[in-house]
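Participant: Annotations per Swiss-Prot:
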TRANSMEM  7-27  transmembrane segment
TRANSMEM  36-56  transmembrane segment
TRANSMEM  58-78  transmembrane segment
TRANSMEM  87-107  transmembrane segment
Amino acid sequence: MNIFRSLLYFFFTGLCEIGGGYLVWLWLKEGKSIKYALLGWGLLMLYGVLPALQTANFGRVYSAYGGAFVIFSLLWGWKVDRIPPDSYDWLGTLIILIGASVIMYAPRN
């Protein structure tokens, strides 16, 4: 699988996981309508399917996705909850993304 397609899968996986979780959070914690929860649960179901479209093995895909999840979570918090990441958040994210990239995209036999 090419890197661009793989990154797209990670992007949409992140949207489904964080967006779905956020909608369920709004329903449970902020009293939003059950419609929020239903949409959230649907997105979380897609989150369970999308990683399986990657060609790498389960452990590698989920390990690398962990890095993507970190950046998506920080960006979501910044743009949706209006809590900007600080310099340590960015440094930690950079370190994690380097590791995730090595896990997912290092040339192997």
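The backbone N, Cα and C atoms fix where each Cβ goes, and this holds for glycine too.
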Participant: Going along the chain, which residues at least six beyond the ends of the transmembrane segment (36-56) come within the CB cut-off of under 8 Å?
Facilitator: 1, 6, 9, 12-13, 15-17, 19-28, 62, 64-65, 104
Participant: When you scan the chain for residues with a C-beta under 8 Å from the transmembrane segment (58-78), skipping those not six or more beyond its ends, what do you find?
Facilitator: 10-11, 13-15, 17-18, 22, 51, 84-85, 89-90, 92-93, 96-97, 99-101, 103-104
